[in-house]
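Peer 1: Feature list, courtesy of TrEMBL:
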- 225-241: compositional bias 'Basic residues' (COMPBIAS)
- 37-237: domain 'DUF2828' (DOMAIN)
- 221-241: region 'Disordered' (REGION)
Amino acid sequence: MAGRGHVRQAVLPAWMIPAGRGVPIAVVPQVPQLQLTENGALAHSSSGNACLDFFVKAVPNIGVAPLQLLLSKAWGEDPETALKLIFHLGAVRDGKQDRRNFYVCMEWLKKNHFDTFLFNLCHVPRLVCWKSLLDLLIAEVDGFEFLLDYEDPNWYARRPRRRRAQVMEHLRARRVTRRERRRERQARRQELGEEGYRKSVAERAAVGRVFVEACRERAREERHERRRERHGRSVKKQCRT
């Protein structure tokens with residue numbers, strides 16, 4: 001039996017012990033953070049699932065940095081699901097049809113996982129559209145910021161009046177150039193005649209086939225050369241052993 005001077009300490013559950021008294025922070029359960037909705041009601045700031053947060057919060061009004069932060073967390077949790085959600089953003093039939101956020105996510109994917117970005121470019125025309133694939137190529141030339149401005153619905157209204165006039169002048173000049181090229185092609189087609197025009201098209205196609213065949217032949221030769229090199233190395237190893 002304990003004496004008077006001995007005070008028995010109560011054994012408390014780990015979640016009741018305050019942090020900072022020799023107890024690791026990880027022992028104390030983390031309470032989900034709360035936030036106010038547009039109506040002033042309390043709601044959890046996170047669902048506890050990074051992929052679900054990315055799916056719900058990836059809306060047209062979100063900025064570039066918050067969207068890429070959500071994507072990085074989702075990728076750290078489940079890369080395959082995060083990749084599917086990226087294409088779901090831009091999907092025309094079964095997705096959100098949000099090409100701007102799709103471009104933002106593809107830019108993040110290109111910077112952080114370049115091989116995955118290249119490997120999945122072939123799915124862009126099938127799931128989104130051919131124009132999106134061209135826009136991703138344009139971003140490599142004109143810059144990613146230009147692509148975001150181009151996809152912004154308020155882009156034209158935010159331009160200064162002088163800049164808007166320059167844009168309209170550029171568009172008119174481009175239309176005129178296209179009309180002139182179209183007329184030149186029509187005139188050339190009339191000069192050559194139907195038969196000559198078809199012949200020239202067939203000749204260009206034949207040249208293209210020759211070029212493709214030459215590339216294939218070169219690739220075959222390179223493969224054979226690599227095989228010979230590997231075989232030579234294996235023979236040398238066998239001789240040494």
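Glycine too: its Cβ is placed from the backbone N, Cα and C atoms.
Automatic prediction, not curation, is the source of TrEMBL annotations.
Note that the structure is predicted; figures quoted are calculated from it, not measured.
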Peer 1: DSSP says what for the compositional bias 'Basic residues' (225-241): how many helix, strand, coil residues?
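Peer 2: The counts are 16 helix, 0 strand, 1 coil.
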Peer 1: Roughly where does the domain 'DUF2828' (37-237) sit in mean pLDDT, to the nearest integer?
Peer 2: 81
